[in-house]
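Working notes, beginning with the structure itself.
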Amino acid sequence: MTTTRKLRLGAFIQATGHHISAWRHPDSQADAGLNFEHYKEITQTAERGLFDAVFLADSPSLQDNSEPEVLKRNGKLAKFEPVTLFSALAPLTKHIGFVATASTTYEEPYTLARKFASLDYLSNGRAAWNVVTTGNENAAGNFGLEHHPEHSQRYERAEEFVEVVKGLWDSWEDDAFIRDKESGVYFDPDKLHTLNYKGKHFSVQGPLNVGRPPQGYPVIVQAGASEVGRDLAAQTAEVIFTANQTLEDGQEFYADVKGRLAKYGRQLDDLKIMPGVFPVIGRTEEEAQEKYEFLQSLIHPSVAWGLLKTRYKGIDLSGYSLDDLAPPLPSDTNGGKSRLKLLTDLVNRGNLTLRQLYLSVATARGHRTIIGSPESIADQLEEWFSNGAADGFNIMPPILPTGLDDFVNLVIPVLQKRGLFRTEYEGNTLRENLGLRRPGNGFAAKQANKSLVVV
């Protein structure tokens with residue numbers, strides 16, 4: 001008996017929505033970033049829509065932007081820390097997963113391992129960690145550093161960081177806690193393991209003072225798409241969020257990253273690839289286009305120029321108008337290399353004006369924008385899913401809560417009717433719903449191998 005492949009869906013939630021001027025829209029709640037009831041509503045909407053998880057991005061500083069005109073008009077600056085927010089939302093939901101972002105550059109492995117193990121317990125096995133190295137150069141000053149670490153150093157540290165965290169999550173074996181009141185034995189000391197990790201970046205003794213997480217490990221998510229980012233994903237990630245503009249780009253990324261898995265002893269199904277999608281949904285094509293144009297009309301001109309200046313660091317744009325062709329972008333950055341490449345590819349496709357470039361950045365920040373009726377949106381998702389470009393999608397509503405409402409009420413039924421999406425949750429944990437195996441305990445596996453007797 002074969003099981004029909006189903007696509008996976010994440011709800012990428014961002015205060016009032018992903019459009020840079022969403023907070024100005026009549027349907028948005030301007031104080032959404034620090035409004036718990038707002039997050040409660042959209043998380044429960046995503047669960048009603050049977051989404052696999054809600055995803056919250058994060059950075060340990062304000063965004064890397066020196067333009068006051070952009071900053072003062074940005075409705076997304078003040079927001080909750082993800083693990084704290086998800087810990088509060090967990091008991092209000094039953095099935096949906098929680099993907100919280102945390103930095104390997106500005107966190108410490110022991111503290112992070114505790115937080116995510118705790119979230120996995122509080123949610124009964126629905127936690128995930130989005131591993132980021134932080135592209136925001138402003139973060140350095142918040143942690144006593146004069147300079148943001150170089151891109152290659154950040155990824156080198158990230159690889160070691162994930163290894164340490166997994167080792168800490170394995171501190172206790174699954175059945176370590178006996179809790180026998182009669183004998184007075186609380187746990188089996190043979191099933192508690194000290195990590196004693198010593199590497200280039202970290203020296204961590206352990207063990208962790210939280211039991212092994214219900215999922216073994218919270219699901220490991222990653223979003224980098226640079227060369228080193230792709231390799232780190234193939235080595236450690238179980239879900240990767242990516243930004244691709246065309247089907248061909250999506251297919252190239254999908255084949256490349258999946259093709260690297262075997263090098264690390266992994267199977268194709270061990271990693272789910274979920275591109276970001278910014279859907280503008282109308283009951284008709286015309287209504288969807290009207291919604292999109294209204295959103296774009298909310299962008300203040302100074303925000304437009306500010307967005308462009310942050311992308312063209314070190315390049316003087318004073319001689320350009322918005323209707324001039326976009327000049328070449330900088331060749332390199334110590335920030336997000338994959339995002340620079342994505343925008344460079346957009347410019348290099350030709351005939352893109354500076355106005356068109358900032359409109360692309362202001363909407364989906366380089367992710368794919370799809371505009372249309374529910375059937376048209378479903379068609380475009382199905383095309384990628386059925387042609388080797390995606391295992392699912394990270395949905396980026398332009399406005400919240402209405403953008404997510406539209407997707408759940410209008411697009412989900414079309415996907416279900418086509419047999420592409422679940423009609424009920426398959427399991428109890430995020431791993432089970434994503435179709436990911438539960439990892440064994442590394443210490444227990446080593447002990448089992450030592451005890452094997454060759455006859």
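Every residue, even glycine, has its Cβ placed from backbone N, Cα and C.
Among the candidates Ser21, Ser203, Ser226, the one that TrEMBL lists alongside Asp58, Thr101, His151, Tyr155 as binding FMN is Ser226. Among the residues Asp58, Thr101, His151, Tyr155, Ser226 said to bind FMN, no two Cα atoms are farther apart than 19 Å.
Taken residue by residue with DSSP, Thr101 (FMN binding site) is part of a strand. For Ser226 (FMN binding site), the count of additional Cβ atoms within 10 Å of its Cβ stands at 18 [all protein chains shown].
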